[in-house]
């Protein structure tokens with residue numbers, strides 16, 4: 001079970017509202033390699049992970065990714081703050097505004113709704129952990145792309161933090177492969 | 001942010017493994033009216049809910065639904081315990097087994113993968129809370145169907161517990177409508 | 001069975017072609033809370049609605065929503081009238097034009113194709129009618145968003161008409177809840 | 001606009017309830033080549049069909065397909081009549097029952113939800129009518145398969161009727177190709 | 001089995017990079033009527049095509065469409081060449097860039113991921129070949145739209161070549177209908 | 001471009017028709033970790049792979065996977081040979097038969113249609129190759145599951161052959177990681 005604490009894993013600031021950037025950040029909210037995908041993948045895999053240490057790891061990282069999902073959600077909301085219909089049209093995100101106003105939804109920047117087809121689980125420990133390592137590598141690429149696509153230093157700081165966490169998670173999944181008895 | 005505690009919201013027992021029942025229970029794991037749908041819908045809606053008490057409510061119930069998702073996951077796993085390939089074929093769930101062994105995935109009983117197309121969010125408080133009330137009502141119907149579809153008293157107990165929680169959540173969403181100033 | 005009459009439920013005018021607005025209106029043509037969703041949901045639910053008056057209501061409103069779908073279709077076509085490839089590129093809807101020219105398709109403004117995953121049906125009368133009430137509330141929010149996103153008075157008139165009809169439908173679904181013996 | 005008349009295009013009988021057959025008939029209710037697909041495809045294409053006679057044809061056949069959708073819905077309901085949870089488990093359709101009881105949903109026999117990805121529209125008259133001819137041919141194949149998959153003479157009668165109508169529709173789409181100036 | 005030869009079916013040039021045009025060309029890469037759809041449809045249908053000449057035809061054209069998919073891929077890559085993050089934002093394709101950089105993915109211009117729901121197969125030879133004829137007609141419409149949406153003469157040349165091949169394929173599918181004993 | 005050769009990569013035999021096994025094998029035809037997924041993923045990734053040797057590798061393995069897709073297709077067809085409607089009902093695959101007769105379609109054993117949402121591509125070489133390594137590991141798990149789910153020695157032979165090839169491909173992707181300068 002989970003307990004919610006009313007503070008973010010790490011504070012989130014933005015320099016000024018930027019609806020276009022908000023839309024791009026949805027890659028990490030509702031995209032195939034975003035925080036929701038990671039959280040749901042790890043929390044699902046743990047049910048078939050017999051090794052206790054690795055199962056604990058999946059729960060820990062999955063729970064942290066839920067916290068990242070929240071951070072990204074807050075960041076997007078700040079970037080959409082005070083968005084008027086007129087601004088929505090001018091900034092090119094009226095297509096999102098008409099269905100969700102200045103709110104969030106589990107979509108990628110192109111508007112595709114999130115699907116569990118993005119996720120990997122076959123119930124074989126090595127294959128599943130390798131899938132997680134690959135997901136973390138793809139997720140970091142998205143973070144790096146986002147960093148080059150914005151000039152907002154506050155947003156960049158948060159993205160760098162999240163990218164660093166992904167590196168830590170990758171290292172722990174590498175350890176998990178060793179624990180499972182295969183270092184490849 | 002969330003903190004994980006290593007115990008279930010409520011203990012879960014099954015009388016004996018029953019792969020077919022496991023498959024039906026996936027309605028509450030990865031189906032359109034299941035616990036994942038409820039959790040993700042409420043946790044997404046809170047970002048646009050300006051009223052603080054209602055926002056808190058969405059986070060509370062969303063977090064509890066994550067705990068229900070975990071309980072259902074554990075229940076399904078116990079129902080699939082020790083499933084051999086031969087049993088998978090004989091019990092008619094080989095189609096699931098071949099891709100996930102005796103593990104879980106975010107699918108409904110027919111095997112459709114979960115999608116955020118199931119979720120509702122328009123960013124208007126009344127419309128969003130009404131959508132939640134309706135979701136709870138549908139979810140209870142699913143719990144009632146499941147109770148009639150099994151004779152396992154342990155599973156029925158858990159399903160009744162979850163159904164009761166849904167009634168409590170519906171009552172709290174009714175309160176939320178009052179708080180938001182409209183009792184309809 | 002249905003009989004087609006060669007006139008619209010209510011006449012539809014637009015002041016001048018406006019491809020961007022056409023794209024936004026697709027929310028009510030092929031979006032999750034649009035007229036197609038409402039029509040198909042109500043016409044499907046009636047098969048399991050035992051109460052005759054409520055079943056009749058579902059057919060009536062479902063049929064009217066088909067008429068709204070037609071009105072919205074005509075409105076979109078008028079907004080796309082005479083669209084040249086050059087204009088399509090300049091107005092930012094070339095992505096739609098390349099696959100459908102200045103025609104229609106069951107997509108939301110982001111281009112997601114319509115899916116029955118948007119629809120709710122569990123076969124329990126109260127739960128199904130509550131789902132319809134919530135759908136009408138979401139649909140009205142979309143109409144309100146569209147009204148603020150355009151300055152075309154003709155289009156606004158039609159949108160207001162459709163919004164009013166949604167209020168009427170909501171009132172009738174409220175009655176249906178009373179008929180079904182539960183006023184909640 | 002459409003007007004509903006409270007009788008079926010053609011009466012529908014079944015000899016006895018048969019849940020498995022009900023599930024197979026969903027191919028014509030919510031499948032890629034079923035009545036919903038045909039109705040929605042034709043009613044969408046007409047908006048871009050400049051030729052008046054062909055446009056009228058699309059509306060006529062589209063409207064008739066809505067009536068077929070209703071007939072198939074009634075037939076499925078009769079086949080599911082009085083289905084108990086126990087019978088649902090024994091007949092192998094508990095996966096449907098748990099989410100929709102003995103009701104209908106827009107799914108194919110495997111449970112895939114209907115999507116507009118099934119539909120064809122490019123806004124070029126010849127291409128669109130050719131797509132309809134092909135759809136009718138596929139639909140007839142489904143009807144023929146269904147006839148061989150049941151021994152219920154009442155259901156077979158209805159299926160033969162619907163198959164005949166598809167032949168008539170195909171003949172009219174052939175005429176439409178001639179009207180449009182190309183007999184290929 | 002297939003053997004790859006390290007040259008294109010036909011050389012591909014572009015006059016200058018043009019990210020917006022690249023995005024539109026994705027209609028023929030990952031769209032419902034594009035080369036991937038044609039290739040996969042024909043290669044799947046051949047398994048049930050008993051007539052040897054027609055089966056061979058399906059394999060031949062399916063294989064050629066794989067070659068067209070490659071040509072379109074190369075063309076899109078040349079149009080995206082050297083794309084910087086800044087250019088991605090300014091040209092309006094940052095939504096694609098953030099997830100795939102200046103690479104390709106099986107999506108249509110609106111970003112919908114390719115799905116086999118686009119494909120037709122019922123296992124009845126006439127119905128299947130008619131579906132292919134219709135697909136070729138739709139595909140040609142897309143090529144014609146693309147030709148009007150660009151002024152790049154090199155791209156237009158390639159598009160005309162591919163459109164011509166589609167005409168040849170349609171003629172061969174017409175022959176196939178005769179071979180199968182029905183000239184309709 | 002590709003050239004088709006009229007023989008399989010490796011001959012395929014089955015001991016006797018077995019429709020249920022045919023359905024399970026669809027995991028490798030149209031499932032998320034099957035041969036189509038592998039072929040399309042590698043052939044798409046190569047466009048952004050700057051390193052020539054690795055690009056060549058992606059084309060080679062992608063092309064071989066197309067050949068595996070064909071082998072699996074032939075194997076499924078042999079398992080479905082001579083299937084009558086009656087046998088389809090009795091063996092529990094009438095849901096597939098009604099829409100595709102004894103033919104093939106790009107679905108997984110539960111009937112979900114193939115989607116490019118299964119595929120991974122971010123355009124960063126290491127992340128993409130790691131995704132391929134993980135895909136091969138998952139694919140081998142599916143092969144192993146299939147081997148335990150059948151007792152047909154001919155089918156098992158083919159599955160073992162394909163599993164061996166997956167090991168070879170994984171080894172080559174490991175090499176690719178070294179070539180790309182990172183052995184992780």
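Every residue, even glycine, has its Cβ placed from backbone N, Cα and C.
Residue C:60 (Ca(2+) binding site) falls within a helix when secondary structure is assigned with DSSP. The Ca(2+) binding site feature in TrEMBL is assigned to C:60.
Per TrEMBL, the feature Mn(2+) binding site maps to C:68, C:136, C:169. Residue C:68 (Mn(2+) binding site) counts 26 other C-beta atoms within 10 Å of its own C-beta, drawing on all protein chains shown.
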Taking 10 A as the limit, how many CB atoms besides its own sit near the CB of residue C:136 (Mn(2+) binding site)?
25
C:68, C:136, C:169 excluded, remaining Cβ within 8 Å of their centroid (Mn(2+)):
C:35, C:38, C:61, C:64, C:65, C:139, C:162, C:165, C:166, C:168, C:170
Alpha-carbon spacing, residue C:68 (Mn(2+) binding site) to residue C:60 (Ca(2+) binding site), which is rounded to whole Å:
13
Please report the three-state DSSP label of residue C:68 (Mn(2+) binding site).
helix
If I take the alpha carbons of residue C:136 (Mn(2+) binding site) and residue C:60 (Ca(2+) binding site), what is the distance between them in whole Å?
15
Cβ atoms near residue C:169 (Mn(2+) binding site) (within 10 Å, other residues, all chains):
23
Measure from the CA atom of residue C:60 (Ca(2+) binding site) to the CA atom of residue C:169 (Mn(2+) binding site) and give the result in Å, rounded to a whole number.
10
For residue C:169 (Mn(2+) binding site), what is the secondary structure state per DSSP, taken as helix, strand or coil?
helix
